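Have a look at the structure below before the remarks.
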Amino acid sequence: MPRTHAIEDYRNFGIMAHIDAGKTTTTERILYYTGKSHKIGEVHEGAATMDWMAQEQERGITITSAATTCFWRDKRLNIIDTPGHVDFTIEVERSLRVLDGAVCVLDGNQGVEPQTETVWRQADKYDVPRVVFVNKMDKIGADFFKCVADIIDRVAGKPVCLQLPIGAESSFQGVIDLIKMKAIVWSGEALGANFDETEIPADLKDQAVEYRTKLVEACVELDDDAMSAYLDGNEPDEATMRTLVRKAVQLRAFHPVLCGSAFKNKGVQPLLDAVVDYLPSPADRGEIKGIDFKTEEETVRHPSDSDPFSMLAFKIMDDPHVGTITFCRVYSGKVETGANVLNSSRDKKERVGRMLLMHANNREDIKEAFAGDIVALAGLKDTRTGDTLCDPQKAVILEKMEFPEPVIEIAVEPKSKADQEKLGIALSKLAAEDPSFRVSTDQESGQTILKGMGELHLDIKVDILRRTYKVDANIGQPQVAYREKLTRRQEIDYTHKKQTGGTGQFARVKFVVEPNEPGAGFSFESKIVGGAVPKEYIPGVEKGLNSVLGAGVLAGFPVVDVKVELVDGAYHDVDSSALAFEIASRAAFREALQKGGSVLLEPVMKVEVVSPEEYTGSVIGDLNARRGQIQGQDMRGNANVINAMVPLANMFGYVNQLRSFSQGRANFTMQFDHYEEVPRGEADKVIAKYA
């Protein structure tokens with residue numbers, strides 16, 4: 001089947017926002033108007049088409065980004081729905097990596113919220129062009145102009161209005177289109193298919209002219225001909241305006257702002273027009289950089305079917321009907337079912353079995369995919385999130401994604417032998433789907449440890465274990481992922497000798513052990529000259545060091561940011577072995593950590609509390625009691641926003657405490673910021689508990 005749409009007619013975009021800004025509802029309406037779903041799913045009824053995991057339908061939040069294809073004005077839209085909850089920012093990072101543009105949805109009443117800032121910064125990192133949709137204009141307290149001001153104040157954006165609202169709250173009727181200078185009014189609530197273009201209401205005429213002038217001035221800045229015509233008194237016509245706004249979005253010169261109410265079916269069609277008119281196609285985004293698999297030189301792939309095939313796997317899901325499905329974006333070339341491709345990130349061969357085009361929860365089998373497509377592949381064996389699949393003859397590795405380290409962990413104990421087996425299978429699948437979720441086994445207790453980005457993140461994983469995989473298990477209390485770090489440079493000379501008749505054991509090692517830069521991790525270097533320790537024993541030395549890294553000397557937590565140099569040693573022709581050097585290295589490293597003033601590090605979270613003013617005193621007092629350091633506060637609407645750095649150890653159960661003293665009116669978000677040393681008194685308690 002040949003290509004149905006030219007690559008210039010593709011729009012790969014995501015919808016990003018804070019939790020509850022109405023992102024999934026907006027997506028639902030888009031799917032409705034583009035003719036894909038005949039009954040609109042409402043999030044608060046737990047029936048939204050994009051939220052298809054049971055956990056999402058119950059909690060009314062979107063956890064996994066489902067990719068969906070639909071059509072508008074004969075353009076092909078691939079929408080990726082992204083979660084807005086802070087524990088799932090990894091999902092957002094993944095989807096932004098493969099998007100060409102984004103729609104940022106704001107809650108008309110709340111403006112730019114903490115998670116909007118996080119997502120906006122992530123979009124800046126990947127240089128994603130975006131338009132802004134101010135949603136919920138029908139809500140009490142909705143304030144379009146405050147939202148526009150927020151974009152400047154809170155995320156340093158450059159908003160330029162393409163629309164103004166007509167009325168607000170319950171009297172919100174429609175929008176003024178500043179390019180056409182017409183009012184668009186929706187009649188009734190009936191799925192908003194009927195709207196009329198009329199003249200701008202007299203009372204809004206002056207405001208419309210003022211904002212139209214701002215829009216025109218922002219546009220003509222981008223084009224010398226348009227600028228000189230404008231200075232001669234000629235405003236650009238409609239087509240020129242659209243071309244200039246499109247150029248502005250591509251260059252990120254400004255962010256166009258639209259408004260509406262997705263729930264009340266107002267403003268969605270003009271938003272779709274804006275996606276088509278202003279967001280870039282894969283061709284506009286241009287070439288993508290990569291590393292040549294053989295030469296390791298930098299190379300590029302162009303978004304065209306004639307270039308060698310390359311695609312990036314950005315999401316893995318376990319589907320009850322199809323098995324493992326891998327969502328991929330094709331960057332160049334084309335691929336057919338049955339093709340043999342190379343996973344260049346892991347140097348493994350893969351075969352393309354089934355290829356699916358996804359609508360939120362139903363799927364269509366396709367035979368080939370082209371540059372710009374977002375498809376799901378069933379049955380890949382070795383591919384993980386962030387891997388590149390490509391033409392084996394012209395192999396390339398597209399840039400890697402970076403994934404944050406988990407900061408919170410819980411122990412899981414299966415209740416029976418049968419559960420033990422099911423748990424193993426389930427956890428390996430969950431870890432493959434989500435790189436920010438790690439699984440390990442505690443060597444001493446034999447418990448299985450799950451690590452994640454926050455309490456909600458782990459809650460949902462446990463829920464999936466129980467429901468989807470039917471694993472019955474006891475779940476421990478959440479624990480903080482402490483770390484240990486050396487503070488002083490040490491030189492250690494250690495000899496391991498064991499003589500028990502027959503072959504003995506002998507190994508001598510001399511190490512220089514010193515603290516590494518924060519975040520630099522562990523590094524080992526052998527500076528042996530003249531064969532004082534033969535090459536074949538060096539792996540034994542490394543194995544010994546690695547065994548200590550997993551469990552430090554203070555309380556058995558992983559050791560971070562340490563640099564070890566092997567500077568000297570000695571061996572015996574008969575009695576030395578890799579095992580002897582492993583034992584010597586382990587003992588020497590432990591001694592260095594004991595003498596080198598090891599300290600305990602803890603994760604510190606960046607916390608933002610949004611609270612009505614009357615509770616500010618209680619919030620600050622409570623954060624101080626949790627060893628928090630207040631970074632600052634400001635007003636947002638009539639609420640007070642308090643920013644603080646608080647150790648994760650003191651944040652467990654905070655959500656319930658905050659709800660109780662603010663009668664449920666305050667809320668907070670937190671995300672990992674950095675590790676820092678635990679104060680002496682606290683450290684002693686932790687060591688006593690775990691050692």
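Every residue gets a Cβ built from N, Cα and C, even glycine.
Per Swiss-Prot, the features are:
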type: DOMAIN; residues: 8-283; note: domain 'tr-type G'
type: BINDING; residues: 17-24, 81-85, 135-138; note: GTP binding site
**OP:** Would you identify the secondary structure of A17 (GTP binding site) according to DSSP, in three states?
**Re:** strand
Subject >> pLDDT averaged over every residue in the domain 'tr-type G' (8-283) >> reply: 85
Subject >> Collapsed DSSP category at M137 (GTP binding site) >> reply: coil
**OP:** Using a 10 Å cut-off, grab the number of neighbouring Cβ atoms around the Cβ of K23 (GTP binding site), all chains included.
**Re:** 29
**OP:** Please work out the number of neighbouring Cβ atoms within 10 Å of the Cβ of A17 (GTP binding site), leaving out its own Cβ.
**Re:** 29
**OP:** Rank the binding-site residues D20, T82, M137 by the number of other Cβ atoms within 10 Å of each Cβ, and give the residue at the low end.
**Re:** D20
